[in-house]
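Take a look at the structure set out below.
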Amino acid sequence: MNFRLLEKYDPKAFEDEIYNKWLKNNVFLPNNSLFEKFSMVAPPPNVTGVLHMGHALNFVLQDILVRYKRMKKHNTLWLFGTDHAGIATQTVFERNLKNIGKSKNDFEREEFVKEIFKLKDKHRGVIVNQIKKLGASYDHSRERFTLDESLCKAVNKVFKDLYSKGLIYRGEYLVNLDPGSGSVVSDEEIEYKEVDGKLYFVKYFIDDSSFIEIATTRPETMFGDTAIAVNPNDERYKSLVGKEVTIPLTTKKIKIIADFHVDSAFGTGALKITPAHDPNDFEISKRHNIPKVNILTQDGKLNENVPLQYQGLSIKDARFKIEIELMEKGFLKGVKKHRQQVGHCYRSGEVIEPYLSTQWFVSMKPLAEKALKALESGELRFYPKKWENTYKYWLSNIKDWCISRQLVWGHRIPAWYNIDTSELIISDTDPSLDEKNVGKRFVQDPDVLDTWFSSWLWPFSSLGWPNITVDFENYYPTKTLITAYDIIFFWVARMVMAGLEFTGQTPFRDVYITPLLRDKQGKKMSKSLGNGIDPLDIIHEYGSDSLRFTLSFLSVQGQDLNIDAKDFMLGAKFANKVFNASKFILLNLENREIFNNLKFNDIDKWLLTSLNSTILGVESSFANYKYNEASKFVYEFFWNDFCDWYIEISKIDLNSENVDIQNMAISKLLFFLKKALLILHPFIPFVTEKIYSEFSEKGDILALNEYPSFDISSNFKEEFESFKVFKTFIVAVRTLKSEFNISSSIEIDVALKFDSDFKYEGYFKANESISKRMINFKNIFYNENCDGMLGLAVVGFEIYADVKLLIDKTKELIRLEKQLEKYKMLKISVSKKLENENFLMNAPKEIIESEKLKFVEFSSLINKINSYIINLKNL
């Protein structure tokens with residue numbers, strides 16, 4: 001058998017070729033079998049987005065599971081698509097327009113939408129091609145976009161159904177205005193940042209000589225004040241309740257009212273009430289039936305309800321100008337620095353302004369109750385379980401969802417207003433086309449729906465709902481959702497609510513929340529901090545498999561993932577090891593006869609049992625979404641058991657003078673290599689597929705082969721335990737050589753003394769050829785006098801090595817004493833930490849666990865070094 005494997009591991013030389021091979025052979029399509037179904041939807045990335053490490057982690061973990069299920073012969077469908085991302089995409093487009101001296105006002109609505117579709121078509125390929133680089137094995141033929149016609153149909157149906165049930169309504173409420181986009185955003189789209197600001201102390205005059213002092217961080221909003229509130233128990237102001245004050249820089253008078261909401265201890269204890277621009281003031285205004293005055297335009301400028309000289313100014317410019325005028329006219333008593341939490345739109349970065357506006361809302365409490373019951377009944381499960389608390393908190397404290405957005409790009413609200421009568425009709429199309437509305441004129445609501453309004457339908461709308469399609473019947477509900485913690489409410493909870501409301505089922509059973517990515521300093525990776533790692537850089541440097549394996553290996557369920565670019569060497573070294581070990585085997589295939597009838601000896605049976613154990617470990621790990629454990633099982637099997645032990649031992653037979661022995665050895669190596677490639681494939685699909693293609697039948701694709709299952713007939717407990725004990729002998733001698741800097745190539749005499757009840761003596765003697773190759777002894781003695789030899793005790797037997805002529809006893813004792821002192825000091829340091837109550841109460845859990853592991857490690861090293869010292873002294 002001949003082959004043409006590359007000289008060295010070079011993923012750039014074959015990864016694209018392999019992916020195209022999978023596409024050409026329809027590897028990613030469901031097999032439509034009668035076997036158990038497994039379906040999953042991917043969180044749709046923004047259509048104009050670019051791949052970041054969070055995407056990479058999410059898609060890699062999804063793909064590993066999908067490939068595993070596909071190889072387990074599940075009827076597997078992984079659905080992928082992109083999100084139209086209303087605010088984000090329109091912002092990108094308007095920024096592009098600005099660069100060429102244009103704005104959205106230069107376009108009719110339909111033309112504007114068409115132009116954004118062109119941008120979408122141009123950019124969609126970027127994120128999609130980047131996700132392909134990860135090896136994502138989603139069904140390309142079923143790729144969706146949230147503005148596809150079928151998804152628009154689903155969105156409109158849901159809107160109409162909720163409206164008819166009284167769960168969608170329109171009303172005037174205080175909402176969050178993003179001045180950058182001119183649109184409102186939901187509470188969940190706001191991130192709070194601590195910023196340096198000012199606290200202004202302003203005089204509101206009652207008459208020419210008396211005033212009440214107000215502390216405010218936003219003096220520009222005083223033009224929207226409709227009252228001053230004080231606490232009714234505040235003795236300072238009791239006599240002023242009911243009196244009027246004049247708003248500074250105006251002639252407008254407002255009343256002083258009493259309300260228990262006012263904190264007497266904050267500022268001056270008197271609160272300006274601006275109902276149209278503060279949520280607390282809005283609630284106070286409802287209690288006291290006072291008016292609401294909006295002073296802002298939708299793009300964050302001051303409007304006609306402020307004095308003329310401030311109209312049209314931005315908030316920042318108005319604040320600066322007002323501060324000067326307040327000071328000049330004697331209204332400003334003082335200013336001091338004030339650090340405060342300010343809400344920003346997480347998409348645009350703009351400061352959010354509370355804004356009184358008429359918007360569309362979904363009444364969420366009735367939907368949330370069902371979603372909570374789904375968790376309580378076990379229909380829905382979170383991994384790690386701790387995220388259930390976040391889910392419950394959000395749903396237990398849910399507010400109505402503002403779903404209208406003042407954008408052009410998105411699902412236009414299917415609401416129409418009669419121009420003459422203001423009659424409201426909910427319809428997909430212009431109601432005037434209906435014969436019962438002949439002569440009536442209608443205009444459609446200009447707003448679009450929140451992006452999440454289409455995303456919350458994703459698990460079933462992407463399968464063709466509201467039509468009951470074959471895909472919907474076959475693959476809904478899906479099995480698993482893999483996503484990030486920060487969209488548990490945005491997306492996960494809402495999908496559960498929508499699924500229960502419109503299909504009567506939870507849209508998925510299991511929700512796995514991926515680790516939070518942090519840098520090595522523990523800071524969350526973010527664009528603003530500039531501490532992210534570009535996954536494409538990692539792929540270019542090390543290959544996709546290296547990225548995949550590292551992310552999986554380090555993804556501990558329930559723990560943050562602190563990572564830097566150097567960590568990806570872990571995956572690179574492993575992929576390289578797989579390549580080189582495979583290459584060694586394939587090189588030895590040349591001019592060999594491959595036997596089909598394999599004869600397994602004790603060492604083969606040990607590896608078969610180890611393989612069985614690995615298969616069970618991987619299965620259990622995936623059942624509980626423990627990616628790091630699954631990765632470690634395959635890593636340990638391949639690197640330690642297969643490479644370090646089995647291949648090394650096989651070299652004895654490969655170098656035999658008997659050709660049949662040689663052929664049997666390489667046949668068994670090839671057998672185990674295929675098994676290894678199969679269990680590794682979900683983690684490192686590119687290199688395993690490449691290697692497999694070099695010795696498999698033409699057209700045979702590894703990704704479509706069946707994942708190995710536990711085989712009771714290949715479970716040899718006795719042989720496994722025998723070799724396990726035998727390994728302790730080899731490892732102990734290797735460690736001893738290493739500890740005393742004796743080259744592995746130097747032959748030494750070794751002696752063994754077995755305990756009277758030791759049952760593996762015959763096994764040790766029968767496998768002398770293996771122990772000689774692995775530890776390179778000169779002579780081996782059994783149960784003889786071992787005077788003058790360095791001894792080590794292990795369970796069941798004692799090991800002695802003749803090293804006295806190879807080491808300087810005095811120097812070694814000095815070295816070991818120094819080592820002993822070093823580890824004793826380290827142990828004391830760790831012990832003090834673990835005895836410190838403050839440390840145990842305040843340190844992160846993973847740090848405490850790390851210190852505990854150090855304590856155990858240092859204790860073990862101290863015992864080992866003490867043993868060496870005692871044995872050396874007895875030489």
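One-based numbering along the chain as shown.
From the backbone N, Cα and C atoms, a Cβ is placed for every residue, glycine too.
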Which is it, of 279-283, 284-288, 434-438, 524-528, that Swiss-Prot names as motif ''KMSKS' region'? 524-528
Candidate ranges 138-172, 313-347, 803-837; Swiss-Prot annotation coiled coil resolves to 803-837
Looking at 45-55, 210-220, 375-385, 441-451, which one is motif ''HIGH' region' according to Swiss-Prot? 45-55
Average the pLDDT scores across the motif ''HIGH' region' (45-55) and report the rounded value. 91
Report, as numbers and ranges, every residue of the chain located at least six residues beyond the motif ''HIGH' region' (45-55) whose Cβ falls under 8 Å of a Cβ in that stretch; write 'none' if there are none. 82-85, 88-89, 92, 119-120, 123-124, 126-127, 130-131, 133-134, 145, 484, 517, 525, 527, 532-536
Would you mind listing, in sequence order, the residues at least six apart from Lys527 (ATP binding site) in the same chain with a Cβ closer than 8 Å to its Cβ? His52
Could you give the residue numbers and ranges of same-chain residues that sit at least 6 residues beyond the coiled coil (803-837) on either side and whose C-beta is under 8 angstroms from one of its C-beta atoms? 736, 740-742, 746, 748, 788-790, 848, 851-852, 854-855, 858-859, 861-862, 865-866, 868-869, 872-873, 875
Tally the residues of the motif ''KMSKS' region' (524-528) by DSSP class, grouping H, G and I as helix, E and B as strand, and everything else as coil. 0 helix, 1 strand, 4 coil
Give the residue counts of the motif ''HIGH' region' (45-55) per reduced DSSP state, in the order helix, strand, coil. 3 helix, 1 strand, 7 coil
